[in-house]
């Protein structure tokens, strides 16, 4: 940018220094175009359009540094500044300032302004700002001006300058063309005509009826033709002279002339929009981060807080004494408690086990129906073990952000590694450990991290992972395999002895009346778990407090039991005494009938297993509901089995038929229930396996039948399966008739105790093993 541009940007002000040489100022018509939509002509072109090419001014030597003038000289400077700068300061005011001795202030200000102007001229004249985008068009135009002035006889460079100049100021194109000091060609003439149209100067050459002016456009075109006739170019047409050469006038939209301007504006607006969107995104991200951080405040467990990723460690020192649980507080699940006591003993005295090569189990999975005491067992381990205890709920791992669950798993095990040996307890692990599904990617990440931490490439020595769940069937097989969860401990519903121990535990800190029979309450609450019994005692205590009693009586406990079993009484509904007695009798009848039927059903299985060669030994018999079964007889093999004989398979068929046959013998053929459907399903599958896969049928022979046999073969297989089942049914009926007294004795023992072990079953049936079969009269007496 030249010094001429600097002289136009700043208004001339007087200076105590000698003024530098400057180019003549352009005229107002060249500085400001007529049309408001045109871009303003760059400053170097204003003098160019009015005076033509000028030789480049030689730079003047920099003046010496200014010295502060004396008062009289300052007065002269002020007067000069007032005259040349067009200031509004009156002479009287200046004289007052001089008299007051403040003229040096004006002189100093003038010197500062002059120095600023010289500095600005120096910056603008250099290439310091040439990298700015808005400076590039001016540089291009300045380059075209220099080329055109250096080659005035080159029409191509003159036309290029006129074409570029037409984008900024068509008036300057007209003035430069009409100076006749440069060579032109047809393209230059076209740019000149375009400038006339843009500035509406073409109207001066058209006829005017009001003034009587004739058209001079043909003369203009003839003149333009003569200007280009001497150049090596295509012959210039003379339009408008005849019909064969008409004059084509194109109306140009003023908006089209600012195409480059609009392009620059679009780029500028795009950049502004991008910057605005970026700022909004940054501000939104900052606000979101601040909001997330606020979720993790004091007492919160938000995603943004560091405490949300740190595991919870049980500190017995700050816990109330009543909240610290031990194995003494766990009743009704002796088998599960015994296995967990071994783990605690291992943690307290590891040398006792390691001397024989024993290793600490990596994982313990507690399963069972709700309310059986799985979490209570974990609390007892936390109270008994002398090692750190970390705990998390399965639902605490996942949140709305992907990756949070895996990070919390890593944080949990990192904290556990620092304090090993320790125990990590995850309650309701099915929330994160369920079978992996394709559409649950975030849950899979959490489960994968848990699998790696439990048994991955890096070994976690000294960390025992405990977990509790009510739904073990939906857990991922990779999680429940040995090496991750080595022990699966089932916490069942308590039996009669367990319920009695639980009731005594909950009643020990309460005043109890002497008429309360804990054993009777335990026998009258079959199917109750620990949570139900705790609720029973609590309801009875509230009832006693409402009635104002000093002690818990049997009436309050009976009321609580009835409320849990039958619900709240509807006292608003009137029922007669006869209806009450009938309903109570029916309820007791159905309950007792169901229990008696279940007891005989399970006793039938047990008696057949005891008296059939090849059957597995009995482990336990119970009439407590287990899953979908009302009762169960479990059998365990005495040793590992690699192959099974036909005798053993037939014994299994007989055991499956024992329950249905017992129901038919005791209650009659018409009173057989659907409780044996699972037994029949198992027996049918076993018989079909013997016939189709093992070749244990004389009618079919030693043949392995494929999955889809022919119709004839399938009918023969079905007939043989039915034959095996009927033969087993007949054998079992004869056996139970022979040992019917054992059946009655075992059923009565189950009704009394609900659960019997193998030794207890043998003690019950042993006195009746050698006695003969009962007569019909004795059978009726036994039933009564």
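Every residue number used here counts from 1 along the chain in the order it is shown.
Glycine is no exception: its Cβ is also placed from the backbone N, Cα and C atoms.
The feature transmembrane segment, as given by Swiss-Prot for the ranges 83-103, 104-124, 125-145, 146-166, sits at 104-124. Of the candidate ranges 267-287, 288-308, 309-329, 330-350, Swiss-Prot annotates residues 267-287 with the feature transmembrane segment. Binding of Zn(2+) is attributed by Swiss-Prot to 601, 605, and within the candidate set 532, 670, 679 the record adds 679 to that site. Cβ-based crowding with a 10 Å cutoff singles out 371 as the top-ranked of the binding-site residues 370, 371.
Of all the binding-site residues listed (368, 373), 368 has the fewest other CB atoms within 10 A of its CB. In sequence order, 630, 631, 659, 660, 662, 663, 675, 676 constitute the residues six or more apart from residue 601 (Zn(2+) binding site) in its chain with CB-CB distances below 8 Å. Within its own chain, residue 369 (ATP binding site) has 470, 492, 493, 529 as residues 6 or more apart in sequence whose C-beta sits under 8 angstroms from its own. Of the recorded residues, residue 370 (ATP binding site) and residue 605 (Zn(2+) binding site) place their C-alpha atoms 28 Å from one another. Each residue in 602, 604, 631, 633, 656, 658, 659, 660, 662, 675, 676 lies on the same chain as 601, 605, 679 and has a C-beta within 8 Å of the C-beta centroid of that Zn(2+) site, without being one of the site residues. In the three-state DSSP scheme, residue 371 (ATP binding site) is classed as coil. Under DSSP, residue 679 (Zn(2+) binding site) is assigned to a helix (H, G or I) in the three-state scheme.
Taking the centroid of the Cβ atoms of 368, 369, 370, 371, 372, 373, 374, 375 as the ATP site, the other same-chain residues with Cβ within 8 Å of it are 468, 470, 491, 529, 530, 531. With the fewest other Cβ atoms inside 10 Å of its Cβ, the least crowded of the binding-site residues 374, 605 in this structure is 374.
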